[in-house]
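Report on the following structure.
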Amino acid sequence: MPSDANEMQARLLQLFEHSTLSTKAKFGLRVIRDPKLAGIGILGRGKIFSCFHEDHLEEASRLAEVLVGAETFDEFIDLCHQCRDFVNEALFVYSLSVAILHRPDCHGISLPPIQEIFPDKFVPVETIYKAFKEATRHADKTDDIIVDMEATGTIMDPEYNLAYYREDIGINAHHWHWHVVYPSAWDSVKMHMRKDRKGELFFYMHQQMCARYDCERLSNGLARMIPFHNFHEPLEGYNPHLSSTQNGLPYAFRPEPMTLCDMHDVSVQDLERWRERILDAINLGEVTDPNGDEYALDETFGIDVLGAIIESSRDSKNRESYGSLHNWGHVLMANIVDPDGKYQTNPGVMDDTATSLRDPIFYRWHRFIDDMFQEFKRKLKPYTKDQLSFTGVEIKNVKVHAHEENVITTTFVEDLLEISNAFNFGRTGAVKVRYQHLDHEPFVYDIEVENHSARLRHGTCRIFLAPVHDELQNQLTPEELRRLMIELDRFRVELKPGVNHNHRHSRDSSVTISKQPKFDELLKGKGTNNANEYCSCGWPDHLLVPKGNDRGMPFHLCVMITDYLYDLVGDYGYDTPCVDAVSYCGAKDSLYPDRRAMGFPFDRPIPEGHASNLHQPNVSFSQIKIQHH
């Protein structure tokens, strides 16, 4: 990292500050724009930018390519200054973020939290309005102001019981950041960088979101979600209570019951046709490109090929035939209220990666998408005992050390979000929103493993969690459990001959990240190192485990140790920088550091009679409880 890392960080942060306000006074006005910016600025300022929308994404990708292609850091900054005030506000932030993450001279630079750049995507409009009222009322302009987050619903709606999860700032920021790290329009040729197993990561990260959501539903006494399956059925209602500061209009409220309608760019029939073509390809075991060449959907690369097609990304083998099912589905649902733009309303939250997780239909839609991936997985043979075993390694005992052994406690805690970096309140004091989020007590896994061989061995420890019972308190079958297994951690262990005690703290999870540096902390130099830029993509640590219930909800804890020498990809090691959230986000500029399928061993179906294959010496199933206070 160059010695002036803090200065570079500060120059970039200026571009994000007050992103919806003009910066001509700050950066100056260029009369003549750089020719590289020709054709950029089509999406007007004030419009809602969506990286699910084909045209929006195309423009954002062109801008990102220009910014990444700048030869020097100064040229990069100059291009940013030129386009900052004529490019759509959210599109600019998205493209700038993609560029920062992928420019070699920006390695070590941290992105500011998206929730501080666009708090209007995370904070109810009633709360923001209250903050402005308080800022006006306080005579002392140097005082900090704190307002409480307003509720977005009532208990009359059963889904409101899950608002704490769907509207959690951390997971919505994670979703936005994941799609910045893995843009669907990423062009490997132009960017000179291939995103390893990007299609499979798209499948796995969203599959885990669905599994986690169902675990939360069961924690709250609700039934598991019903997957979306019929393009003509009415959708449940949802009111996000968000309003865009880019144009002052609210994100569209979806009343009940409404059904999907055709838009100018895409029709409901298009989505149905793409679904059937993708399912046909899965059943045939191959996809066809525009030239008629066939690509087998095999057990090694098939899921990656399928992920690129379903999303769809630039890596899709045939976008003309298989379309863009996932992306256009988001757009159609977001525009259900005003599909032809007759009333000039904003789309709903499904249009935006920073807001879509708030809507219950997001999870039903992604369970539908995941069901298509599972159709492919059902074509693969179940794992054999040989594929699941690690000869000579035996897990003797697993404990979870917390305040009470094998009981993890969750609770709601308070946190603050500063919003004065986005809005001009006319004061020097900070303006913050106080809100609550779910959190868990710290805990430590104690895994006793015996290495029966006479030599040192290395293993990959994989830890998963799934509820014991369904919504009717029936025990879940192995196949049902498989779809609900959430990954808690994956790490390397060293196994000396004899008995080994391996301890792993929950904060070190390969799934999660701890808190990102805040905007003001970044200005002071915190976070400028090589271990940050991809790491901020991970799942929030405070939602590592589900909520549980007040009685202590029982969960299966599965611990599996596999052969690290087989799992290892190339010369990659877990000591490489920036792998704290490798499970969902991969590793920076590297191959995905695990040869196994993502979600292994629960990625493939477990037919009746095959569950015993998992009962190996190197696999442990135990029960723990998660208790909510």
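Glycine is no exception: its Cβ is also placed from the backbone N, Cα and C atoms.
Swiss-Prot has this to say about the protein:
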- H175, H179, H206: Cu cation 1 binding site (BINDING)
- H326, H330, H366: Cu cation 2 binding site (BINDING)
- N451: N-linked glycosylation site (CARBOHYD)
- C537-C585: disulfide bond (DISULFID)
- N618: N-linked glycosylation site (CARBOHYD)
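All protein chains shown were included, and the count of other CB atoms within 10 Å of the CB of N618 (N-linked glycosylation site) stands at 20. Summary of the Cu cation 1 site environment: with the site residues H175, H179, H206 set aside, the chain residues having Cβ atoms within 8 Å of the Cβ mean position are H174, W176, W178, F202, M205, M209, T353, S356, L357. Counting every protein chain shown, 21 other Cβ atoms lie within 10 Å of the Cβ of H179 (Cu cation 1 binding site). Ranking the recorded positions H330, H366, N451, C585 by Cα distance from H175 (Cu cation 1 binding site) puts C585 first. The CA atom of H366 (Cu cation 2 binding site) is located 7 Å away from the CA atom of H206 (Cu cation 1 binding site). In the three-state DSSP classification, H179 (Cu cation 1 binding site) falls within a helix. Every protein chain considered, the tally of other Cβ atoms within 10 Å of the Cβ of H366 (Cu cation 2 binding site) stands at 23.
Classification of N618 (N-linked glycosylation site) by DSSP places it in coil, neither helical nor stranded. With respect to C537 (disulfide bond), the closest of these recorded positions in Cα terms is H206, chosen from H206, H326, H330, N451, N618. For the pair N451 (N-linked glycosylation site) and N618 (N-linked glycosylation site), the Cα-Cα distance reads 10 Å. If you measure from the Cα atom of H326 (Cu cation 2 binding site) to that of H206 (Cu cation 1 binding site), you get 11 Å. Fewest Cβ neighbours within 10 Å among the recorded positions H206, N451, C537, C585: that distinction goes to N451. Local packing around the binding-site residues H175, H326, H330 was summarised as the count of other Cβ atoms within 10 Å of each Cβ; on this measure the leading residue is H330. Taking H330, C585, N618 as the recorded positions under consideration, the smallest Cα distance to H206 (Cu cation 1 binding site) is found for C585. Under the three-state DSSP scheme, N451 (N-linked glycosylation site) falls in the strand class.
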